[in-house]
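Enquirer: Mind looking over this structure? Questions follow.
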Amino acid sequence: MSDYKDTLNLPKTSFSMKGNLANKEPMILNKWEKQGIYKKIREHFAGREKFVLHDGPPYANGSIHVGHAVNKILKDIIIKSKTLSGYDAPFTPTWDCHGLPIELQVEKKHGKAGQSISEDDFRKECRKYAKKQVEIQKKDFKRLGVLGDWEQPYLTINFDYEANMIRTLAKIIENGHLSKGFKPVHWCTDCGSALAEAEVEYADKVSPAIDVKFKIKDKDKLAQAFGLDSLNHDAFAIIWTTTPWTLPANQAIAVNNQLNYSLIKIEDFYIILAENLVEQTLKRYAIENAQIIATTTGNKLTGIIAEHPFYSRHVPILHGDHVTDDSGTGLVHTAPTHGVDDFTLGKEHNLSMEIFVKGNGCYSENTKLFAGEFIFKANDRIIELLGEKKRLMNSDKIKHSYPHCWRHKTPLMFRATPQWFISMEKQGLRDKALQAIKETSWAPSWGQARIEGMVKDRPDWCISRQRTWGVPLPLFIHKETEELHPNTIEILHKVAEKIEKDGIEAWFNADDCEFITETAQYKSVKDTLDVWFDSGSSSMCILDLDKRLSYPADLYLEGSDQHRGWFQTSLLVAMSAKGSQPYKEVFTHGFVVDEHGRKMSKSLGNVTSPQDIYNTLGADILRLWTASTDYKSEMAVSDQILKRTADTYRRLRNTARFLLSNLDGFNPVTDIIEFDKLVKLDQWAIAKTKEFQDKIIEAYDKYQTHTVAQLIHHFCSIEMGSFYLDIIKDRQYTAKTDGHPRKSAQTAIYHIVHALVRWMAPILSFTANEIWDATPKTTDLPIQLCEWYTGLKSFDQDAELDLEYWAKIQEIRSEVNRVLEIKRNEDVIKASLEAEITIYADKYNYKLLEKLGNELRFLLISSKADLKVIEESTSSSIAANIPGLLIEITKIEEPKCERCWHRSSTVGDNPQYKDICSRCVENITTEAGESREFA
């Protein structure tokens, strides 16, 4: 037996079978750094149509988590796909660097500002800490393969950014959107500051739920309201509340003029309840012997005076539109300094706005009985006092959704304080914002309704904070009238100039006289700006000013929580400062959860860190998982899910390796064969690749990365692995090295690789780089500078063997494979090359298959394939799952060719080559080798 190994075209490539990504990727990153790849991309695509994806700034505090990784990877995929489409698509990373979380970290080390450390030094430490965190996060983002202008990121602590925030504020004031107000705002006692809507989280909380008796002072007036002559017992208005601590601030009881109210006799006193709530309220009190005396409307009750349950204070009953009979008692306890509706009612009726609670959550000195106590701890004492005063009708507990601080996770309170607001009503900002939302494209589509609902219902935006580490609110107000200085706009521009030179310290360390001369009449505001104003200003501070970018951005892409966060604050800043929305399109992705749909937490032990993933599996696995997951809903990740992703990656890598290994010796300059002269199956492969490329580009354009990933996987595993590559192995390995059949397949493979590597590049950035390095090509450009491959061709409309024809052949082949498997299991054959396949076909299928002539066997990977009319079928034939088709498999008895392994009667016909078939002899001995037309 001879050794024919040297006569075969064995696969050969520098592209390794094993990814070894965790070790290779850092080396590839290093190469990109040395090449200055991002700069080269910018230079190469300069002058092209721009596509700007504006990066929402992550907070510079702590290592990135998998949610951060998902966000940056999705952005990177989109940017790279747009670059492939020929756009100049820059990516400038941003970071949010002011605010409470950084303050807290610095406090842990240095103590509170103004106590253990000066405020000036505290700010310096905050800036130092933020910069350090940026470098940590930057390193992680770069390790993920994310390309961007990492050397010139936008940080909200950059002096020019801080200055441009002040200039943005000046525009907002100039446009008439700023107002000062004494209003209830969400207040965190731990922060010692007001919070914006976006900083409020809702979580379940168990609270006391009490019904309190307010004694009616004028019984005769109450009797008259109910149409009675008189009342012979005391009467009480009953309110229900889950915040007993607000009772010291009670100034009124609210009813609704349109609701009906009942007077109910219980033993020796009367109570007032909304008519529709009587039954459920009495049931809650476990009272069965109550008697409804009379009913009246709310408007008859207004003006009646009650007595505070534990203070010597008169409490009027007033009408409030916000009062309903859905729950509680239908009478609402009103503390104007601790609720929005309460405050509105208080202003309308000139109720006392006395402050009873300080910023630290303790009652002020003027709070009788409870001065100095922490409000939430005082609940029990207040309930106890109500009991002693016989003013407690009922006491219970309730579990309900309650606002908490996004950072401290502690319950918030509503507290009226003097603050600065961007008014939603002045200059029609709310209506303008709602119109801008309609003019923006939202995906998923429900995002539009979500943000519309939030903007419709949101209060004025409180932009002032009582913090140390933040951009100042550098205003001057009159010491008596508290009106803004008449030259506020000019002053703000002067402040901005100084900050641009020396940072925010230029304001905090300056004397008022550096900015104004009327220091006797005006004082400076000591507040800082809400950190959401920092990030919300990015469209004005970056897009509107950086000539490398453009306003509005083409795309904002963030997590779905940003409808109430950055999407909204960006919109409000842009609309109030510039009068137009900052984005054309807004996409959101879901949160990352574990495989059971649970939020990730250290306590559950289900945290998957991006660092662990890229240090073990490689960043490309994380990128592939991100792209493969439909990010419009929650994104599940776990070790098991990543293992499945790694399996998918291996299939893709193996496909790429097979393709590359069969391009050994191929010169694209001299060896390319024209489409019309290719073997028909190779024509199909190119046309099929073109069909997939069109779908893939469309999916990329719609940001449907999971569709892209599915298409690439299907292409590699089904169209290539299970069909085309399976069939051409024989031709590639055994045909004449320089013969037409092999060069035809290599031409197709060349086109396929050039398309496939580009499809992969936005997602599998490191692997695509490897593939590109191992690919024969006619360009020196790195893959990052390439555009979509244009060397593919579709079939002409009149092509006889078009995609539809080959799809039918694939169906028939699948049925043959099914029957082959049956015969393998029956031990009739061990491999398909041992099989003689006979297909019995009706007229339609016969006509399809006869076009392939004697090359049908190559498509079926058998040594012999016969086509016969269905009427000749035998009892041993098996019906296919295709009408008009039967298949018969028998074992072929002819000898095996030691070179191609086909069974052939021609083995030994040539005395010089006794153990190979005539086809192999032809491929070894003749100049042209065998010929192929179809497969």
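Cβ atoms are placed via backbone N, Cα and C, with glycine included.
As listed in Swiss-Prot for this protein:
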BINDING   GLU558  L-isoleucyl-5'-AMP binding site
BINDING   LYS602  ATP binding site
BINDING   CYS897, CYS900, CYS917, CYS920  Zn(2+) binding site
MOTIF     58-68  motif ''HIGH' region'
MOTIF     599-603  motif ''KMSKS' region'
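Tell me what's around each of these sites.
Expert: Neighbour count (other Cβ atoms within 10 Å of the Cβ, all protein chains): 22 for GLU558 (L-isoleucyl-5'-AMP binding site). Classification of GLU558 (L-isoleucyl-5'-AMP binding site) by DSSP places it within a strand.
Cβ neighbours of LYS602 (ATP binding site) (same chain, under 8 Å, six or more residues apart in sequence): none.
Over all protein chains present, the Cβ of CYS920 (Zn(2+) binding site) has 28 other Cβ atoms lying within 10 Å.
Within the same chain, residues 95-97, 99, 101-102, 105, 130-131, 133-134, 136-137, 140-141, 155, 559, 591-592, 600, 607-611, 613, 622, 637 sit at least 6 positions outside the motif ''HIGH' region' (58-68) and bring their C-beta atoms closer than 8 Å to a C-beta of that stretch.
Here the motif ''KMSKS' region' (599-603) has Cβ contacts under 8 Å with residues 65-66, 591-593 of the same chain, all six or more residues outside its ends.
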Enquirer: At a 10 Å cut-off from the C-beta of CYS897 (Zn(2+) binding site), count the other C-beta atoms across all protein chains.
Expert: 25
Enquirer: Count up the helix, strand and coil residues in the motif ''KMSKS' region' (599-603) according to DSSP, in that order.
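Expert: Within the motif ''KMSKS' region' (599-603) the tally stands at 0 helix, 1 strand, 4 coil.
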Enquirer: C-alpha of GLU558 (L-isoleucyl-5'-AMP binding site) to C-alpha of CYS920 (Zn(2+) binding site): distance in Å?
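Expert: Cα-Cα, rounded: 60 Å.
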Enquirer: With helix taken as DSSP H, G or I, strand as E or B and everything else coil, how many residues of the motif ''HIGH' region' (58-68) land in each class?
Expert: 3 helix, 1 strand, 7 coil
Enquirer: Residues near the Zn(2+) site, CYS897, CYS900, CYS917, CYS920 excluded, by Cβ within 8 Å of the Cβ center?
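Expert: Apart from the listed residues, the neighbours are THR734, GLU898, ARG899, TRP901, HIS902, SER904, VAL907, ILE916, SER918, ARG919, VAL921.
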Enquirer: Counting every protein chain present, what is the number of Cβ atoms, excluding its own, within 10 Å of the Cβ of CYS917 (Zn(2+) binding site)?
Expert: 28
Enquirer: Return the residues near CYS900 (Zn(2+) binding site), defined as same-chain residues 6+ apart in sequence whose C-beta is under 8 angstroms from its C-beta, sorted by sequence, else 'none'.
Expert: ASP730, TYR733, THR734, ILE916, CYS917, ARG919, CYS920
